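Here's the structure we're looking at; comments come further down.
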Amino acid sequence: MQPASAKWYDRRDYVFIEFCVEDSKDVNVNFEKSKLTFSCLGGSDNFKHLNEIDLFHCIDPNDSKHKRTDRSILCCLRKGESGQSWPRLTKERAKLNWLSVDFNNWKDWEDDSDEDMSNFDRFSEMMNNMGGDEDVDLPEVDGADDDSQDSDDEKMPDLE
């Protein structure tokens, strides 16, 4: 029995944990106020996985849930205190080799503000317009379409 590999990420009201177990069977997820216990049989060899996580902060076990797919089990933990950032998933600072941050879904929601997003939207619009207007006539550049030989078109000497 060994822990399943997992990825996690933080949101304003929820913490998400994805246990990466393909073809899982007999999935059991137990949500407690400050602990999560996950177990299942996984893969074609029905290997037994068990993860016990002492959580960084409390959650609402009644409003937390999980969903199984063919590739993983996604747990959605409702934070006990909404809007509180979790700098890590576990209570202890110890590095767990089976647990990593899901940077594909990570979002720094603490710094979000409408003003910041409006600046980003303006920047994005400016970048889109940098390609120029397609209807603009550009001046002719001498030799741009010329098929004449340049000095760098000469034959290279053979290597010795």
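Each residue, glycine too, has its Cβ placed from N, Cα and C.
Features of the protein shown, as given by Swiss-Prot:
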{"type": "DOMAIN", "residues": "1-90", "note": "domain 'CS'"}
{"type": "MOD_RES", "residues": "Lys33", "note": "N6-acetyllysine"}
{"type": "REGION", "residues": "124-160", "note": "region 'Disordered'"}
{"type": "COMPBIAS", "residues": "132-153", "note": "compositional bias 'Acidic residues'"}
{"type": "MOTIF", "residues": "157-160", "note": "motif 'PXLE motif'"}
DSSP residue counts for the motif 'PXLE motif' (157-160), split into helix, strand and coil: 0 helix, 0 strand, 4 coil
Structural state of the residue listed as 'N6-acetyllysine', classified by DSSP into three states: coil
Per-state residue totals over the domain 'CS' (1-90) - DSSP helix, strand, coil: 3 helix, 49 strand, 38 coil
Segment-level pLDDT (mean, integer) for the motif 'PXLE motif' (157-160): 80
